[in-house]
Structure formats: structure tokens, C-alpha cells
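Notes follow once the structure below has been shown.
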Amino acid sequence: MSSVFSYFNESWMLLLATVFGLAFFLGIFLGRPVISWLKKQNHYDQVHKEHCEKLEALHQDKKNTPTAGGILFCIVLLTTVFLWLPLGKLSTWLFVFLIISWGTLGWYDDIIKKERKKGHGITAKQKFVIQLIISAITIVTIFSIYKGSALFCTLQVPFFGTVSVGHSILGKFFYFVLAMLTIVGTSNAVNLTDGLDGLAAGTTCMSALGLLVVALSNPTMPLAQDVSIVLSALIGISFAFLKYNRAPAQVFMGDTGSLLIGGVLGSCAVMLRAELLLILLGGVFVAEAGSVILQVGSCRLRKKRIFLCSPLHHHYEYKGISETKVVARFYIAGLLCMILGIIAALWR
């Protein structure tokens, strides 16, 4: 194990701890001012759930809770990038682009939801097109950073190590599609997970920590150092956000936070060629998104529901399990997924 992390010496680990600490304390310090500002702007959660009267009734106590708290993630992550990453590197500005683009998309969606008063943001098609554009720009930029490196056409397969996907046009096309699915899919999956107090922030800590281990165990990746710094900050701000987002939540991250987190996590996985590992590390996100896909597919094809309600966490709410118990059980599942993902990544 020590040889795996030999490239990252004690001073580097100290730097990552510093990044984590700064992100954590900055999030704690800015939390209350941001919440107060959101309240003044009337950024309150819209509890209206069309065709989901029971869910609306279950969440009535959340109607006076401000949302769009994900702006904290934007502030802290941008601060981290400008403090710790060299401004002369293309990768630095790629992270700036990721944070601003995903954060802006989420913020705009939250604004539209607020104005329409019905809990509906921009249409699914509009959001999907914007996500594809952001992801395509990200992938092309990553390709230019790798500059034709052999590592660009590799893939970390769980329990099998790094394998080549080929340098042919077909291989590169496969890479592009997989990368696109990873970024867009993770962004939407985290967005779907953000439905209970503390659920998305807590599971983000685990997935990001697992991905950080992947970065530290693959020092030859061109972006491993930059990714490890950003992930350390993401873990720090996620922990800090839990102070205000755990039950009973004082603020919700909204799409501003969930789309940003998913976009950054997915992009970091692509930078590390760890798209398949993220399926394990973010197992909770996969289950949440999968439950929605299965539910929609079953309703359209069979005219029957598989779950009482989707995403998955609402299914358990419908069964009468308290919100805090559902979150606790999903935390346990997230921890197990993280451990399994780390083992799969380090298995040589």
C-alpha cells in the first residue's frame, strides 16, 4: 500500500489536509451569512410536488427552508482553485469553467423554480442540452491536456487495473461516449439524490473521498495532483455544509449544489480515467438514478410502478420509515460502496 502512494510525500498530504481544513472552516464561516442572504432574496424551497400529494404532505415542514445553498460550494471551490492551482495551467481554468458552468446552470434552474412557484425549473430537454455542451467542452479540454498521451486511451477497470481502450477512432469514440455518460449521468444522479436532509452532502463526502484515493494511487495521471486538491476541498465543504443541511435542515443545496457536485465528481472521474470505478464509489447515486429510470420505464411499458415513489429514498419514506433513518441507512450503503470501490481501485 505504501508504494502505491509513494509519489505523494508527507508535505503533499499536509497540503491536502490544509485544503480540506480551509474549505471546511470557510464553509462554516460563510454558512450563516449565505443563509441569511438567501432568506432575504426569498429563495425558499417549493414543496409543491405535482401528482405526489403524499410526498408534498410529508415535506410540508420544509417549505420555509431556503434553497440554492449550493452557492457555498461555488465560493469555496473557486477560492480553492485560485489559491492552490497555478493560474498558468489549462487545467486550472478547466476547473474554473466546471464550477461556474455547472453552478450557473443549477442557479438558473433554482431561480426558475422560485418564479414559477410550482417546483418546476427549466425543461428536461433544455437542461440535457446544456449538460451535453458543458460535458463536451470538458472532454475536449481534457483531451488537449493529455496531448495524445497513451494514458488518454486507458480505462481503470475495477479489480483488473488499467486497460487500454485502443487508439483507433472507434476506441476514442467509445471513450468520448463513456466520458459524456459519466459527467451528465453523475450530475443528474446527485441531483436526484438531493431529496432528504443531509443525504446528498453526506454521500458526496464518501464518493469524493474514494475518488481522492484513486487520484493518490495514480500519480502518473497528468491531472492527479489538481484533482486531489479539488476533491479535498469538495470533501471539506461537504462536511461543513452538513452543519446546516443535516436534519432539520437550515438550508438546501438546491440544483446549484447538486448539479455542481455531480458535474465536478463526474469530470474528476474522467480526468482519472476512473469512470467505471465511480459506479462503485458512487453506488448510492447510481441506485437513486437507476430507480428513476426503472420506474419511468415500467410505467411506460407495463403501466405499473416498481417503487411506491422514486427516487429510491422516497420509496422508503412512503413505507413509513423516518427521514433520518433513511439517510442513516443510505450513509451506511454509501460507506460500503466507497470501501468496495477503493478495494477495486487498489487491486493490482
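Note: Cβ is positioned from N, Cα and C throughout, glycine not excepted.
For reference, Swiss-Prot has these:
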- 11-31: transmembrane segment (TRANSMEM)
- 68-88: transmembrane segment (TRANSMEM)
- 92-112: transmembrane segment (TRANSMEM)
- 128-148: transmembrane segment (TRANSMEM)
- 165-185: transmembrane segment (TRANSMEM)
- 196-216: transmembrane segment (TRANSMEM)
- 222-242: transmembrane segment (TRANSMEM)
- 251-271: transmembrane segment (TRANSMEM)
- 276-296: transmembrane segment (TRANSMEM)
- 326-346: transmembrane segment (TRANSMEM)
Stretch with greatest number of CB pairs under 8 Å, the transmembrane segment (326-346) reference, 68-88, 92-112, 196-216 candidates: 196-216
Selected stretch (most C-beta pairs under 8 A with the transmembrane segment (11-31)) from 68-88, 128-148, 222-242, 276-296: 222-242
Stretch contact, the transmembrane segment (196-216) with the transmembrane segment (92-112), Cβ-Cβ under 8 Å, 3+ pairs: no
Top Cβ-contact partner of the transmembrane segment (128-148) among 68-88, 165-185, 276-296 (pairs under 8 Å): 165-185
Stretch among 165-185, 222-242, 251-271 sharing the most Cβ pairs under 8 Å with the transmembrane segment (68-88): 251-271
Stretch contact, the transmembrane segment (222-242) with the transmembrane segment (165-185), Cβ-Cβ under 8 Å, 3+ pairs: no
